[in-house]
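Below is one structure, written out as structure tokens; comments come after it.
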Amino acid sequence: MNKTKRIENTFDVVRILIAILLAYLIALIILALISDDPWNVISLFIIGPFNSKKHVGDIFTLMIPLVFTGLCMCYVYAINKFNLAGEGAVNLGGCLAACVAIALRDTAVPGWIAIILCIIVGALAGMLSTAIPAIADQVFHADVCVISLMLNYILLYFTTYILKNVIKDQGASVTASYKLGRKVKLANLIPGTQIHIGLLIALACVVFVAILFYKMPFGYKMRAVGVNPSFARYIGIPVGSTIILSQVIGGAFAGMGGSVQILGMFPRYKWESLTGYGFDGLMIAVLARKNPVLVPLSAFLIAYIRTGASLVATKTQIPPEFVSIIQGIIIVLVAAEMFLSGWKKRLIFSAAKKSLKEKEAKA
């Protein structure tokens, strides 16, 4: 059993790597066909993100919100509920964190306490965002995917209303909030880059989620419900409350991601559209195979691809949208259960056959 599990885990990792390599190969072929200087474009795309401290910093900076939303979707993915309200949770978390920051800007509250309060408010906002579809699903049997998608736009309009009618700085040249203040600005970690302390907060959250997933009773209950809710109910696990609580906890991380992004990257709150980070979180969770330990690696990969695409778009005539081709191919190949499934079956069969021969030899 352990040997089979080992083979399955190794196969998942190898399949993801092969999917990534195939996607890159297709992307490179496309770049070579549409570019006048293919080698320069390919070099920019693959090596460009690592050729300066600033570009490396851009990868890690982009990675931060993806880690938070990836953790959010790991919770949702674990119980097989497609609650996509993490997208709206990012906006609401960022908006309410900005409101708290503005309210505390000219007070005697120390900066570190103000930052903690902003992040807590962001987390609570995220919990509320994902709780609504989760409760609607369990109590009223509404489609959680449809409800959450609609809710994202309700939350967007709500945060836009707050921006334009509550915290808007009338003296600003664009639609933006009052300045958040220096004391809530997350400290920079590496000079010459935009990497801020939010990266450490994100990694600490990864450790916390991994412990909760694999070392705590709730993690076992959650995964049991995701695998077989009927069996989970039979052995005494409260399925309904577990499903709701899992989504609510996941929403907390999406809301935290929004607050950390605002405090770490922007002097003012300006979001008038959905950020896309919540939907990216689903992609991160799929790549990580709903394993929170692999979320940082998945987030790093997507951030690296997008940084390379941004460099190509900046220095050539190739639009950055081609990165969607790479992401789409990776997701299709990773999500497709039949991709390399024959190889997996052969490996398991060979291992079982070998194990049987060893037992017969000992007998």
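Every residue, even glycine, has its Cβ placed from backbone N, Cα and C.
TrEMBL annotations: computationally assigned, not manually curated.
Annotated features in TrEMBL:
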TRANSMEM  12-34  transmembrane segment
TRANSMEM  59-77  transmembrane segment
TRANSMEM  84-104  transmembrane segment
TRANSMEM  110-132  transmembrane segment
TRANSMEM  144-163  transmembrane segment
TRANSMEM  195-214  transmembrane segment
TRANSMEM  293-313  transmembrane segment
TRANSMEM  325-343  transmembrane segment
Candidates 59-77, 144-163, 195-214, 293-313; stretch with most C-beta pairs under 8 Å toward the transmembrane segment (84-104): 144-163
Range from 59-77, 144-163, 293-313 with most C-beta pairs under 8 A to the transmembrane segment (195-214): 59-77
Cβ contacts under 8 Å made by the transmembrane segment (293-313) with residues that lie 6+ beyond its boundaries: 20, 31, 41, 44-46, 48-49, 55, 58-60, 62-63, 66-67, 70-71, 74, 202-203, 206, 210, 280, 283-285, 287, 319-320, 322-323, 326-327
